[in-house]
Amino acid sequence: MSKTLADELLKEVKKRRTFAIISHPDAGKTTLTEKLLLYGGAIRLAGTVKGRKASRHATSDWMEIEKQRGISVTSSVMQFDYEGHKINILDTPGHQDFSEDTYRTLTAADSAVMLIDVAKGVEAQTKKLFQVCRKRGIPIFTFINKLDREGQNPFDLLEELEQVLGIRSYPMNWPIGMGKELCGVYDRTKTQVELFQGDDHSTIAVRKVSGYDDPIIKEMAGDYFYDQLQQDLELLDVAGDEYDYDLIRSGELTPVFFGSAINNFGVQTFLENFLELAPIPTTRNSSNGPVEPTEEKFSGYVFKIQANMNPAHRDRLAFLRICSGKFERGMAVKHVRAGKDIKLAQPQQFLAQDRDIVDTAYPGDIIGLFDPGIFRIGDTLVQGGNFVYDELPTFSPEIFAKVVVKNALKHKQYQKGIDQLTEEGTVQVFKTIGFEDVILGVVGQLQFEVFEYRMKGEYGVEIQLQRMPFQFARWIVDEKIDPSKFRINSQLVKDKNDNYVALFENEYAMRTAIDKNPSAKFLETAP
Ligand code: G4P
(Lines of atoms letter the chains of each structure in order from A and count residues from 1; the text may use other names and numbers.)
(Lines give C-alpha, C1' and ligand atoms only; values in the text may rest on other atoms or scores of the structure.)
Protein backbone atom coordinates (compact mmCIF):
# COMPACT_ATOMS: atom_id res chain seq x y z
CA MET A 1 0.00 0.00 0.00
CA SER A 2 1.27 3.47 -0.71
CA LYS A 3 2.54 5.13 2.41
CA THR A 4 0.38 8.18 1.88
CA LEU A 5 -2.84 6.16 1.64
CA ALA A 6 -1.86 4.14 4.71
CA ASP A 7 -1.25 7.34 6.69
CA GLU A 8 -4.45 8.90 5.46
CA LEU A 9 -6.51 5.86 6.43
CA LEU A 10 -4.96 5.65 9.87
CA LYS A 11 -5.56 9.33 10.48
CA GLU A 12 -9.19 9.20 9.33
CA VAL A 13 -10.03 6.00 11.18
CA LYS A 14 -8.66 7.46 14.41
CA LYS A 15 -10.99 10.43 14.07
CA ARG A 16 -14.14 8.38 13.80
CA ARG A 17 -16.68 7.34 16.39
CA THR A 18 -19.82 5.62 15.14
CA PHE A 19 -22.51 4.98 17.70
CA ALA A 20 -26.23 4.48 18.23
CA ILE A 21 -28.38 5.86 21.02
CA ILE A 22 -30.54 3.19 22.59
CA SER A 23 -33.46 4.19 24.76
CA HIS A 24 -37.15 3.85 25.42
CA PRO A 25 -39.42 6.47 23.81
CA ASP A 26 -39.53 9.75 25.74
CA ALA A 27 -36.24 9.27 27.57
CA GLY A 28 -34.89 12.25 25.59
CA LYS A 29 -33.06 10.76 22.62
CA THR A 30 -34.13 13.49 20.22
CA THR A 31 -33.17 16.15 22.73
CA LEU A 32 -29.76 14.63 23.40
CA THR A 33 -29.09 14.17 19.68
CA GLU A 34 -29.97 17.82 19.07
CA LYS A 35 -27.60 18.99 21.78
CA LEU A 36 -24.79 16.82 20.46
CA LEU A 37 -25.32 18.12 16.95
CA LEU A 38 -25.20 21.65 18.28
CA TYR A 39 -21.68 21.05 19.60
CA GLY A 40 -20.68 20.08 16.12
CA GLY A 41 -22.39 23.13 14.67
CA ALA A 42 -24.24 20.73 12.41
CA ILE A 43 -27.54 22.45 13.00
CA ARG A 44 -28.17 26.02 13.90
CA LEU A 45 -31.18 25.57 16.10
CA ALA A 46 -32.08 22.82 18.44
CA GLY A 47 -35.42 21.33 17.55
CA THR A 48 -34.67 20.56 13.96
CA VAL A 49 -33.44 17.00 14.23
CA LYS A 50 -36.78 15.40 14.08
CA GLY A 51 -40.02 17.28 14.17
CA ARG A 52 -41.70 17.08 17.49
CA LYS A 53 -45.26 18.19 17.79
CA ALA A 54 -45.55 21.51 15.90
CA SER A 55 -42.66 21.14 13.49
CA ARG A 56 -43.02 17.45 13.03
CA HIS A 57 -44.52 17.48 9.59
CA ALA A 58 -41.93 19.63 7.96
CA THR A 59 -38.79 17.70 8.77
CA SER A 60 -37.42 14.24 8.29
CA ASP A 61 -40.65 12.34 8.05
CA TRP A 62 -40.70 10.73 4.68
CA MET A 63 -43.83 8.75 4.74
CA GLU A 64 -47.43 9.68 5.14
CA ILE A 65 -47.83 7.17 7.92
CA GLU A 66 -45.13 8.89 9.90
CA LYS A 67 -46.89 12.19 9.53
CA GLN A 68 -50.16 10.72 10.64
CA ARG A 69 -48.67 9.23 13.72
CA GLY A 70 -45.97 11.79 14.24
CA ILE A 71 -43.21 9.29 14.58
CA SER A 72 -40.07 8.44 12.76
CA VAL A 73 -40.41 5.00 11.26
CA THR A 74 -36.96 4.43 9.94
CA SER A 75 -33.47 4.90 11.21
CA SER A 76 -31.22 7.49 9.71
CA VAL A 77 -27.66 8.63 10.13
CA MET A 78 -26.16 11.94 11.14
CA GLN A 79 -22.56 13.04 10.93
CA PHE A 80 -20.89 15.94 12.69
CA ASP A 81 -17.40 17.19 13.57
CA TYR A 82 -16.21 18.02 17.04
CA GLU A 83 -12.65 19.02 17.93
CA GLY A 84 -10.99 16.99 15.26
CA HIS A 85 -13.34 14.02 15.56
CA LYS A 86 -15.87 12.81 13.01
CA ILE A 87 -18.91 11.49 14.76
CA ASN A 88 -21.60 9.35 13.18
CA ILE A 89 -24.85 8.93 15.10
CA LEU A 90 -27.08 6.13 13.94
CA ASP A 91 -30.64 6.98 14.78
CA THR A 92 -33.10 4.28 15.71
CA PRO A 93 -36.87 4.70 15.62
CA GLY A 94 -38.14 6.45 18.70
CA HIS A 95 -41.50 4.79 18.79
CA GLN A 96 -42.44 1.87 20.92
CA ASP A 97 -42.86 -0.16 17.79
CA PHE A 98 -39.66 -0.98 16.16
CA SER A 99 -38.40 -3.57 13.78
CA GLU A 100 -35.58 -5.87 12.83
CA ASP A 101 -34.25 -2.87 11.03
CA THR A 102 -33.58 -1.21 14.36
CA TYR A 103 -31.68 -4.21 15.57
CA ARG A 104 -29.63 -4.43 12.41
CA THR A 105 -28.71 -0.77 12.56
CA LEU A 106 -26.97 -1.60 15.81
CA THR A 107 -24.58 -3.88 13.92
CA ALA A 108 -23.26 -0.82 12.11
CA ALA A 109 -22.38 0.92 15.39
CA ASP A 110 -19.05 0.55 17.18
CA SER A 111 -20.51 1.58 20.52
CA ALA A 112 -23.85 2.51 22.05
CA VAL A 113 -25.12 5.26 24.28
CA MET A 114 -27.85 4.01 26.57
CA LEU A 115 -30.15 6.81 27.60
CA ILE A 116 -32.22 6.34 30.72
CA ASP A 117 -34.88 8.52 32.31
CA VAL A 118 -33.88 9.10 35.93
CA ALA A 119 -37.45 8.58 37.09
CA LYS A 120 -38.27 5.55 34.99
CA GLY A 121 -35.07 3.54 35.05
CA VAL A 122 -34.52 0.69 32.61
CA GLU A 123 -37.57 0.35 30.35
CA ALA A 124 -38.71 -2.37 27.95
CA GLN A 125 -37.29 -1.12 24.68
CA THR A 126 -33.95 -0.19 26.22
CA LYS A 127 -33.71 -3.71 27.51
CA LYS A 128 -34.28 -5.26 24.09
CA LEU A 129 -31.81 -2.97 22.35
CA PHE A 130 -29.28 -3.46 25.12
CA GLN A 131 -29.38 -7.21 24.62
CA VAL A 132 -28.50 -6.82 20.94
CA CYS A 133 -25.52 -4.61 21.83
CA ARG A 134 -24.53 -7.02 24.56
CA LYS A 135 -24.35 -9.90 22.11
CA ARG A 136 -21.90 -7.94 20.00
CA GLY A 137 -19.77 -7.05 22.99
CA ILE A 138 -19.61 -3.35 22.10
CA PRO A 139 -18.95 -0.69 24.76
CA ILE A 140 -22.07 0.85 26.24
CA PHE A 141 -22.10 4.34 27.75
CA THR A 142 -24.98 5.30 30.01
CA PHE A 143 -26.49 8.78 30.26
CA ILE A 144 -29.07 9.14 33.01
CA ASN A 145 -31.26 11.99 31.89
CA LYS A 146 -33.73 14.48 33.37
CA LEU A 147 -31.81 15.16 36.56
CA ASP A 148 -33.78 18.40 36.79
CA ARG A 149 -36.77 16.26 37.72
CA GLU A 150 -37.37 14.13 40.78
CA GLY A 151 -36.10 10.66 40.08
CA GLN A 152 -34.96 7.45 41.63
CA ASN A 153 -32.08 7.20 44.02
CA PRO A 154 -28.88 6.91 41.95
CA PHE A 155 -27.82 3.76 43.81
CA ASP A 156 -31.12 2.12 42.95
CA LEU A 157 -30.56 2.97 39.29
CA LEU A 158 -27.11 1.38 39.31
CA GLU A 159 -28.56 -1.63 41.03
CA GLU A 160 -31.20 -1.84 38.33
CA LEU A 161 -28.54 -1.80 35.60
CA GLU A 162 -26.93 -4.76 37.28
CA GLN A 163 -30.11 -6.67 38.10
CA VAL A 164 -32.14 -6.07 34.95
CA LEU A 165 -29.40 -5.80 32.35
CA GLY A 166 -26.59 -7.68 34.03
CA ILE A 167 -24.06 -4.91 33.43
CA ARG A 168 -21.77 -3.41 36.05
CA SER A 169 -21.32 0.31 36.18
CA TYR A 170 -18.88 3.04 37.04
CA PRO A 171 -20.43 6.46 37.71
CA MET A 172 -18.23 9.08 36.10
CA ASN A 173 -20.10 11.79 37.94
CA TRP A 174 -22.58 11.90 40.79
CA PRO A 175 -25.63 14.09 41.34
CA ILE A 176 -25.67 16.66 44.11
CA GLY A 177 -29.38 17.05 44.74
CA MET A 178 -32.01 16.30 42.18
CA GLY A 179 -35.18 17.78 40.70
CA LYS A 180 -35.95 21.25 41.99
CA GLU A 181 -33.03 20.96 44.36
CA LEU A 182 -30.46 19.97 41.79
CA CYS A 183 -27.22 21.80 42.64
CA GLY A 184 -24.98 20.06 40.17
CA VAL A 185 -22.81 17.03 39.66
CA TYR A 186 -19.47 15.99 41.10
CA ASP A 187 -17.04 14.81 38.40
CA ARG A 188 -15.09 11.88 39.83
CA THR A 189 -12.25 11.84 37.31
CA LYS A 190 -11.65 15.55 37.09
CA THR A 191 -12.47 16.18 40.76
CA GLN A 192 -14.60 19.16 40.00
CA VAL A 193 -18.14 20.28 40.55
CA GLU A 194 -20.35 21.32 37.70
CA LEU A 195 -22.95 23.66 39.09
CA PHE A 196 -26.44 23.89 37.75
CA GLN A 197 -27.38 27.46 38.49
CA GLY A 198 -29.10 30.65 37.48
CA ASP A 199 -32.84 31.22 37.63
CA ASP A 200 -33.37 29.56 34.33
CA HIS A 201 -30.54 27.09 34.94
CA SER A 202 -28.87 28.32 31.83
CA THR A 203 -25.53 29.00 33.46
CA ILE A 204 -23.31 26.07 34.12
CA ALA A 205 -20.24 26.86 36.19
CA VAL A 206 -17.35 24.51 36.74
CA ARG A 207 -15.37 24.63 40.01
CA LYS A 208 -12.20 22.69 40.58
CA VAL A 209 -12.14 21.06 44.04
CA SER A 210 -9.61 18.98 45.93
CA GLY A 211 -11.98 16.03 46.29
CA TYR A 212 -15.56 15.25 47.19
CA ASP A 213 -14.81 16.23 50.79
CA ASP A 214 -13.57 19.72 49.85
CA PRO A 215 -15.39 22.17 52.18
CA ILE A 216 -15.93 24.49 49.21
CA ILE A 217 -18.67 22.08 48.14
CA LYS A 218 -20.44 22.81 51.42
CA GLU A 219 -20.52 26.48 50.51
CA MET A 220 -21.92 25.69 47.11
CA ALA A 221 -24.41 22.99 47.98
CA GLY A 222 -25.20 23.49 51.68
CA ASP A 223 -24.66 21.11 54.58
CA TYR A 224 -27.31 18.60 53.67
CA PHE A 225 -26.17 17.87 50.11
CA TYR A 226 -22.52 18.06 51.14
CA ASP A 227 -23.05 15.34 53.75
CA GLN A 228 -25.07 13.29 51.32
CA LEU A 229 -22.30 13.50 48.73
CA GLN A 230 -19.72 12.37 51.31
CA GLN A 231 -21.78 9.35 52.24
CA ASP A 232 -22.57 8.41 48.67
CA LEU A 233 -19.05 8.70 47.34
CA GLU A 234 -17.50 6.92 50.30
CA LEU A 235 -19.88 4.10 49.67
CA LEU A 236 -19.04 4.12 45.96
CA ASP A 237 -15.32 4.07 46.72
CA VAL A 238 -15.71 1.11 49.04
CA ALA A 239 -18.50 -0.91 47.51
CA GLY A 240 -18.73 0.31 43.90
CA ASP A 241 -16.99 -1.19 40.90
CA GLU A 242 -13.52 0.03 40.08
CA TYR A 243 -12.84 1.94 36.93
CA ASP A 244 -11.54 -0.60 34.41
CA TYR A 245 -10.96 0.49 30.84
CA ASP A 246 -10.68 -3.09 29.53
CA LEU A 247 -14.08 -3.97 30.96
CA ILE A 248 -15.53 -0.81 29.42
CA ARG A 249 -14.13 -1.80 26.03
CA SER A 250 -15.61 -5.29 26.24
CA GLY A 251 -19.02 -3.94 27.24
CA GLU A 252 -18.99 -5.48 30.71
CA LEU A 253 -18.75 -2.22 32.61
CA THR A 254 -20.70 0.88 31.62
CA PRO A 255 -19.47 4.38 32.46
CA VAL A 256 -22.47 6.27 33.82
CA PHE A 257 -23.07 10.01 33.42
CA PHE A 258 -25.84 11.98 35.08
CA GLY A 259 -27.25 15.07 33.38
CA SER A 260 -30.16 16.87 31.86
CA ALA A 261 -30.21 16.95 28.09
CA ILE A 262 -32.83 19.64 27.75
CA ASN A 263 -30.79 21.99 29.94
CA ASN A 264 -27.63 21.01 28.16
CA PHE A 265 -26.34 20.06 31.57
CA GLY A 266 -23.62 17.42 31.54
CA VAL A 267 -23.85 16.94 27.78
CA GLN A 268 -20.48 18.40 26.87
CA THR A 269 -18.70 16.50 29.64
CA PHE A 270 -20.40 13.39 28.42
CA LEU A 271 -19.38 14.03 24.83
CA GLU A 272 -15.76 14.69 25.73
CA ASN A 273 -15.45 11.58 27.88
CA PHE A 274 -17.25 9.54 25.29
CA LEU A 275 -14.85 10.64 22.55
CA GLU A 276 -11.92 9.66 24.70
CA LEU A 277 -13.25 6.26 25.72
CA ALA A 278 -15.32 5.09 22.75
CA PRO A 279 -13.63 2.81 20.25
CA ILE A 280 -12.59 3.83 16.77
CA PRO A 281 -13.80 1.61 13.91
CA THR A 282 -12.28 -1.77 14.42
CA THR A 283 -11.69 -5.15 12.79
CA ARG A 284 -14.71 -6.88 11.25
CA ASN A 285 -15.06 -10.60 10.56
CA SER A 286 -15.45 -11.85 7.02
CA SER A 287 -15.35 -15.11 5.10
CA ASN A 288 -11.66 -14.28 4.57
CA GLY A 289 -10.95 -13.77 8.25
CA PRO A 290 -10.62 -10.45 10.04
CA VAL A 291 -10.52 -7.27 7.94
CA GLU A 292 -8.72 -4.23 9.38
CA PRO A 293 -10.25 -0.81 8.76
CA THR A 294 -6.87 0.44 7.59
CA GLU A 295 -6.74 -2.18 4.87
CA GLU A 296 -6.14 -0.43 1.55
CA LYS A 297 -9.03 -2.06 -0.29
CA PHE A 298 -12.42 -0.53 0.22
CA SER A 299 -15.12 -2.78 1.63
CA GLY A 300 -18.45 -2.49 3.40
CA TYR A 301 -21.84 -4.10 3.83
CA VAL A 302 -25.47 -3.10 3.44
CA PHE A 303 -27.26 -3.12 6.79
CA LYS A 304 -30.48 -1.47 5.80
CA ILE A 305 -32.55 -0.70 2.74
CA GLN A 306 -35.07 2.05 2.76
CA ALA A 307 -37.53 2.60 -0.04
CA ASN A 308 -39.30 5.72 -1.18
CA MET A 309 -37.52 8.18 1.07
CA ASN A 310 -38.77 10.71 -1.35
CA PRO A 311 -42.13 9.60 -2.76
CA ALA A 312 -41.73 11.93 -5.73
CA HIS A 313 -38.69 10.00 -6.92
CA ARG A 314 -39.55 6.51 -5.79
CA ASP A 315 -36.00 6.09 -4.66
CA ARG A 316 -34.57 3.23 -2.74
CA LEU A 317 -31.45 3.73 -0.65
CA ALA A 318 -29.11 1.03 0.55
CA PHE A 319 -27.23 2.05 3.69
CA LEU A 320 -23.67 0.85 3.59
CA ARG A 321 -21.33 0.74 6.56
CA ILE A 322 -17.76 1.21 5.38
CA CYS A 323 -15.46 -1.30 7.05
CA SER A 324 -12.12 -0.78 5.30
CA GLY A 325 -10.26 1.37 2.80
CA LYS A 326 -11.18 4.67 1.25
CA PHE A 327 -14.39 5.29 -0.57
CA GLU A 328 -14.27 7.52 -3.63
CA ARG A 329 -17.24 8.57 -5.66
CA GLY A 330 -17.47 6.73 -8.96
CA MET A 331 -15.24 3.89 -7.83
CA ALA A 332 -15.82 0.37 -9.14
CA VAL A 333 -16.46 -2.35 -6.60
CA LYS A 334 -17.48 -5.95 -6.65
CA HIS A 335 -21.01 -6.78 -5.55
CA VAL A 336 -20.00 -10.17 -4.20
CA ARG A 337 -23.38 -11.94 -4.01
CA ALA A 338 -24.33 -10.87 -7.53
CA GLY A 339 -20.81 -11.60 -8.80
CA LYS A 340 -20.83 -8.29 -10.67
CA ASP A 341 -18.72 -5.17 -10.80
CA ILE A 342 -20.68 -2.02 -10.14
CA LYS A 343 -19.90 1.65 -10.06
CA LEU A 344 -20.80 3.72 -7.00
CA ALA A 345 -21.87 6.85 -8.75
CA GLN A 346 -24.19 8.89 -6.54
CA PRO A 347 -23.54 8.04 -2.94
CA GLN A 348 -25.15 10.16 -0.29
CA GLN A 349 -24.10 11.14 3.14
CA PHE A 350 -26.24 12.53 5.87
CA LEU A 351 -25.68 15.74 7.72
CA ALA A 352 -28.50 16.34 10.13
CA GLN A 353 -31.44 15.96 7.77
CA ASP A 354 -29.81 17.03 4.56
CA ARG A 355 -28.52 14.52 2.14
CA ASP A 356 -25.29 15.48 0.46
CA ILE A 357 -23.47 13.80 -2.35
CA VAL A 358 -20.31 12.42 -0.87
CA ASP A 359 -16.96 12.30 -2.64
CA THR A 360 -14.87 10.45 -0.11
CA ALA A 361 -15.66 8.48 3.01
CA TYR A 362 -13.77 6.26 5.41
CA PRO A 363 -14.28 3.27 7.72
CA GLY A 364 -16.96 3.99 10.30
CA ASP A 365 -18.90 6.19 7.88
CA ILE A 366 -22.29 5.27 6.51
CA ILE A 367 -23.15 6.10 2.94
CA GLY A 368 -26.47 5.79 1.18
CA LEU A 369 -26.30 4.15 -2.23
CA PHE A 370 -28.98 4.63 -4.79
CA ASP A 371 -30.45 1.18 -5.26
CA PRO A 372 -32.11 0.21 -8.54
CA GLY A 373 -33.13 -3.05 -6.87
CA ILE A 374 -29.75 -4.80 -6.85
CA PHE A 375 -29.03 -4.81 -3.13
CA ARG A 376 -30.19 -6.98 -0.29
CA ILE A 377 -29.58 -6.61 3.37
CA GLY A 378 -26.23 -8.11 4.25
CA ASP A 379 -24.66 -7.64 0.80
CA THR A 380 -20.92 -7.05 0.80
CA LEU A 381 -19.17 -4.67 -1.59
CA VAL A 382 -15.42 -5.04 -2.01
CA GLN A 383 -12.77 -3.44 -4.11
CA GLY A 384 -10.69 -6.09 -5.83
CA GLY A 385 -11.68 -8.92 -3.51
CA ASN A 386 -14.20 -11.63 -3.07
CA PHE A 387 -15.08 -12.02 0.57
CA VAL A 388 -18.32 -11.41 2.40
CA TYR A 389 -18.88 -10.01 5.87
CA ASP A 390 -20.43 -12.21 8.51
CA GLU A 391 -24.14 -12.56 8.08
CA LEU A 392 -26.32 -10.03 9.81
CA PRO A 393 -28.36 -11.45 12.63
CA THR A 394 -32.03 -12.10 12.13
CA PHE A 395 -34.50 -11.92 14.97
CA SER A 396 -37.38 -14.06 15.95
CA PRO A 397 -40.73 -12.49 15.08
CA GLU A 398 -43.16 -12.02 17.95
CA ILE A 399 -46.31 -10.74 16.24
CA PHE A 400 -48.12 -12.53 13.41
CA ALA A 401 -50.90 -11.81 10.96
CA LYS A 402 -52.53 -13.56 8.05
CA VAL A 403 -52.67 -11.60 4.81
CA VAL A 404 -55.97 -11.38 2.95
CA VAL A 405 -55.96 -9.71 -0.45
CA LYS A 406 -59.06 -7.66 -1.05
CA ASN A 407 -58.87 -7.89 -4.83
CA ALA A 408 -57.88 -11.32 -6.12
CA LEU A 409 -57.07 -9.95 -9.59
CA LYS A 410 -54.05 -8.14 -8.23
CA HIS A 411 -52.23 -11.35 -7.54
CA LYS A 412 -49.15 -10.54 -9.60
CA GLN A 413 -48.54 -7.17 -7.96
CA TYR A 414 -49.26 -8.74 -4.60
CA GLN A 415 -46.56 -11.35 -5.15
CA LYS A 416 -44.13 -8.68 -6.31
CA GLY A 417 -44.86 -6.57 -3.25
CA ILE A 418 -44.39 -9.50 -0.89
CA ASP A 419 -41.09 -10.42 -2.57
CA GLN A 420 -39.67 -6.91 -2.58
CA LEU A 421 -40.78 -5.90 0.87
CA THR A 422 -39.49 -9.09 2.45
CA GLU A 423 -36.19 -8.48 0.68
CA GLU A 424 -35.92 -5.21 2.54
CA GLY A 425 -36.07 -7.34 5.63
CA THR A 426 -38.77 -5.53 7.55
CA VAL A 427 -41.18 -8.48 7.66
CA GLN A 428 -40.71 -12.22 7.54
CA VAL A 429 -43.04 -14.27 5.44
CA PHE A 430 -44.40 -17.76 6.11
CA LYS A 431 -46.83 -20.03 4.27
CA THR A 432 -49.27 -22.46 5.77
CA ILE A 433 -48.82 -26.02 4.63
CA GLY A 434 -51.32 -27.16 2.02
CA PHE A 435 -53.37 -23.96 1.77
CA GLU A 436 -50.41 -21.68 1.12
CA ASP A 437 -51.93 -18.86 3.11
CA VAL A 438 -49.44 -16.07 3.72
CA ILE A 439 -48.53 -15.21 7.31
CA LEU A 440 -46.34 -12.27 8.18
CA GLY A 441 -44.14 -12.14 11.25
CA VAL A 442 -42.63 -8.96 12.71
CA VAL A 443 -40.99 -7.75 15.90
CA GLY A 444 -43.01 -4.52 16.09
CA GLN A 445 -46.67 -3.86 15.32
CA LEU A 446 -45.81 -0.75 13.34
CA GLN A 447 -44.25 -2.89 10.62
CA PHE A 448 -47.69 -4.27 9.82
CA GLU A 449 -49.07 -0.80 9.30
CA VAL A 450 -46.11 0.15 7.15
CA PHE A 451 -46.48 -3.04 5.14
CA GLU A 452 -50.19 -2.50 4.54
CA TYR A 453 -49.62 1.11 3.62
CA ARG A 454 -46.83 0.35 1.21
CA MET A 455 -48.66 -2.53 -0.47
CA LYS A 456 -51.38 -0.09 -1.31
CA GLY A 457 -49.22 2.91 -2.13
CA GLU A 458 -46.47 1.21 -4.10
CA TYR A 459 -48.09 -1.90 -5.53
CA GLY A 460 -51.74 -0.87 -5.67
CA VAL A 461 -52.83 -3.86 -3.62
CA GLU A 462 -55.29 -3.51 -0.79
CA ILE A 463 -54.77 -6.06 1.88
CA GLN A 464 -56.22 -6.85 5.23
CA LEU A 465 -54.11 -8.19 8.03
CA GLN A 466 -55.78 -10.57 10.44
CA ARG A 467 -53.89 -10.80 13.70
CA MET A 468 -53.06 -14.30 14.82
CA PRO A 469 -52.66 -15.33 18.44
CA PHE A 470 -49.06 -16.56 18.11
CA GLN A 471 -46.18 -15.10 20.10
CA PHE A 472 -43.21 -17.27 19.27
CA ALA A 473 -41.66 -18.75 16.13
CA ARG A 474 -39.18 -21.62 16.24
CA TRP A 475 -37.37 -23.08 13.25
CA ILE A 476 -37.42 -26.83 13.53
CA VAL A 477 -34.53 -28.98 12.47
CA ASP A 478 -35.30 -32.68 12.54
CA GLU A 479 -34.94 -35.64 10.21
CA LYS A 480 -38.64 -36.25 10.16
CA ILE A 481 -41.24 -33.79 11.28
CA ASP A 482 -44.58 -35.03 12.48
CA PRO A 483 -47.17 -32.24 12.01
CA SER A 484 -49.59 -33.97 14.36
CA LYS A 485 -47.33 -32.99 17.24
CA PHE A 486 -47.91 -29.31 16.56
CA ARG A 487 -51.65 -29.03 16.89
CA ILE A 488 -52.33 -27.61 20.30
CA ASN A 489 -52.04 -23.82 20.42
CA SER A 490 -49.54 -23.92 17.62
CA GLN A 491 -49.26 -24.14 13.87
CA LEU A 492 -46.65 -25.57 11.56
CA VAL A 493 -45.72 -23.37 8.58
CA LYS A 494 -42.82 -22.96 6.16
CA ASP A 495 -40.53 -20.00 5.63
CA LYS A 496 -39.50 -18.69 2.22
CA ASN A 497 -36.71 -21.25 2.00
CA ASP A 498 -39.07 -24.11 2.82
CA ASN A 499 -37.78 -24.58 6.35
CA TYR A 500 -40.32 -25.80 8.86
CA VAL A 501 -41.32 -23.23 11.45
CA ALA A 502 -43.69 -23.75 14.36
CA LEU A 503 -45.70 -20.80 15.64
CA PHE A 504 -46.79 -20.97 19.26
CA GLU A 505 -49.46 -19.11 21.18
CA ASN A 506 -47.65 -19.29 24.47
CA GLU A 507 -44.64 -20.62 26.24
CA TYR A 508 -46.51 -23.62 27.52
CA ALA A 509 -47.40 -24.75 24.00
CA MET A 510 -43.78 -24.32 22.99
CA ARG A 511 -42.49 -26.32 25.97
CA THR A 512 -44.95 -29.13 25.21
CA ALA A 513 -43.84 -29.33 21.59
CA ILE A 514 -40.18 -29.38 22.63
CA ASP A 515 -40.88 -32.22 25.07
CA LYS A 516 -42.82 -34.18 22.48
CA ASN A 517 -40.07 -33.88 19.89
CA PRO A 518 -36.86 -34.79 21.68
CA SER A 519 -34.90 -35.38 18.50
CA ALA A 520 -35.70 -31.94 17.04
CA LYS A 521 -33.84 -28.70 17.46
CA PHE A 522 -35.94 -25.57 17.98
CA LEU A 523 -34.11 -22.49 16.74
CA GLU A 524 -35.06 -18.86 17.35
CA THR A 525 -34.01 -17.85 13.85
CA ALA A 526 -33.63 -19.57 10.49
CA PRO A 527 -30.83 -22.15 10.38
P1 G4P B 1 -37.34 10.68 22.64
O2 G4P B 1 -36.70 11.16 21.36
O3 G4P B 1 -36.46 9.76 23.43
O4 G4P B 1 -38.71 10.13 22.48
O5 G4P B 1 -37.50 11.91 23.63
P6 G4P B 1 -37.52 13.47 23.37
O7 G4P B 1 -36.15 14.00 23.17
O8 G4P B 1 -38.56 13.79 22.37
O9 G4P B 1 -37.95 13.92 24.83
C10 G4P B 1 -39.14 13.48 25.44
C11 G4P B 1 -39.65 14.54 26.39
O12 G4P B 1 -38.72 14.68 27.47
C13 G4P B 1 -39.76 15.91 25.75
O14 G4P B 1 -40.84 16.57 26.36
C15 G4P B 1 -38.47 16.58 26.16
O16 G4P B 1 -38.56 17.97 26.16
C17 G4P B 1 -38.29 16.03 27.55
N18 G4P B 1 -36.90 16.06 28.01
C19 G4P B 1 -35.77 15.68 27.37
N20 G4P B 1 -34.69 15.86 28.14
C21 G4P B 1 -35.13 16.36 29.32
C22 G4P B 1 -34.49 16.77 30.53
O23 G4P B 1 -33.27 16.73 30.69
N24 G4P B 1 -35.30 17.23 31.52
C25 G4P B 1 -36.66 17.31 31.38
N26 G4P B 1 -37.35 17.79 32.41
N27 G4P B 1 -37.28 16.95 30.25
C28 G4P B 1 -36.54 16.48 29.23
P29 G4P B 1 -42.26 16.70 25.68
O30 G4P B 1 -43.07 17.56 26.55
O31 G4P B 1 -42.79 15.34 25.38
O32 G4P B 1 -41.97 17.33 24.29
P33 G4P B 1 -41.65 18.85 23.94
O34 G4P B 1 -42.96 19.51 23.95
O35 G4P B 1 -40.71 19.35 24.98
O36 G4P B 1 -41.03 18.78 22.60
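Including glycine, each Cβ sits where the backbone N, Cα and C put it.
What TrEMBL records for 14-282 is domain 'Tr-type G'. Here TrEMBL flags 23-30, 91-95, 145-148 as GTP binding site.
Overlay of TrEMBL annotations on the structure.
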residue	record	Cβ neighbours (10 Å)
SER23	GTP binding site	26
ASP26	GTP binding site	13
LYS29	GTP binding site	26
THR92	GTP binding site	26
LEU147	GTP binding site	25
**Request:** Reduce the DSSP letter at LYS29 (GTP binding site) to three states and note it down.
**Result:** helix
**Message:** Out of ASP26, LYS29, THR92, LEU147, which binding-site residues have CB atoms lying under 6 Å from ligand 1?
**Reply:** ASP26, LYS29
**Request:** Averaged across the domain 'Tr-type G' (14-282), what pLDDT does the model get? Just tell me the whole number, please.
**Result:** 84
**Request:** Kindly assign LEU147 (GTP binding site) to one of the three DSSP-derived states: helix, strand or coil.
**Result:** coil
